[in-house]
């Protein structure tokens, strides 16, 4: 009797385990920011996109393919040539995500690694096309314009593959050794020219100052000559008195100087 009970319990447990396995295999989860495409072994890729949450499928017949629909960054380095045939090394940073409604087409025509298959090729194509419109110098001075044109063209091109580009930016821009040396030489020449211009301007200012000073001396001499012609010897005597007063004032402030009136003698007691 007990053996039959244990046998029944074992069969029930086995059936329960099998049922649990079947139910578990018929469930799948789609995490936040993700979408799922269903592949059916008999009908192929279904033209539906499954949203977030827990969903049912037919075990061993259907299989979910999960896609991350959140924005992801990718850096694409490209070596190309400018309009004036200078080598340009550019790195483009792209923030991309797939169009959720087009995931079945993306999976069917490109595959799960769509970003690896599409982004490097179209980025190289667009960058070469845009950079070839500008000289090397313009790529530096008009970098914002270049970045905007690359972004517009690349966004339009990526849309044909079912991709959305949230941001496109130039993060790295360098040139060949010859162009870099030419730019450095130009900067040195500009600095030397600026220094020479400063020296010339300084000399001009000094020249003007000397002219102004000479004109002032000439004017002062003219005024003195006119004063002498008008006042005669009286002006000279006045200047002598002013000079004598100034000398007397300076002597009175010194303790080591003795003033001796004229016509008087001073006896000095010398040692015998």
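Backbone N, Cα and C define each Cβ position, glycine as well.
According to Swiss-Prot, the N-acetylalanine annotation covers 2, on the basis of similarity to another entry.
What Swiss-Prot lists as phosphothreonine is 91, and the listing cites similarity to another entry. Around residue 91 (phosphothreonine), the C-beta neighbours below 8 angstroms that are at least 6 residues distant in the chain are 75, 76, 77, 78, 170, 171, 172, 173. In the three-state DSSP classification, residue 91 (phosphothreonine) falls within a strand.
Neighbour density for residue 128 (N6-acetyllysine): within 10 A of its CB lie 15 other CB atoms from the protein chains shown. Following the DSSP three-state reduction, the secondary structure of residue 128 (N6-acetyllysine) is helix. Look at Swiss-Prot and you will find 128 (among others) tagged as N6-acetyllysine, backed by similarity to another entry.
Per-residue pLDDT, averaged along the coiled coil (177-211), amounts to 73 for this model. Taken from Swiss-Prot, the feature coiled coil applies to 177-211.
Per Swiss-Prot, the feature N6-acetyllysine maps to 186 (among others).
The N6-succinyllysine feature in Swiss-Prot is assigned to 202. Mapped onto three states, the DSSP output places residue 202 (N6-succinyllysine) in helix. Neighbour count (other Cβ atoms within 10 Å of the Cβ, all protein chains): 10 for residue 202 (N6-succinyllysine).
What Swiss-Prot records for 202 (among others) is N6-acetyllysine.
Residues annotated as phosphotyrosine in Swiss-Prot, with a large-scale study or a structure entry given as evidence: 249. For residue 249 (phosphotyrosine), no same-chain residue 6+ apart in sequence has a C-beta under 8 angstroms from its C-beta.
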Three-class DSSP secondary structure - residue 249 (phosphotyrosine): helix
Residue 128 (N6-acetyllysine) and residue 202 (N6-succinyllysine), distance between Cα atoms, whole Å: 49
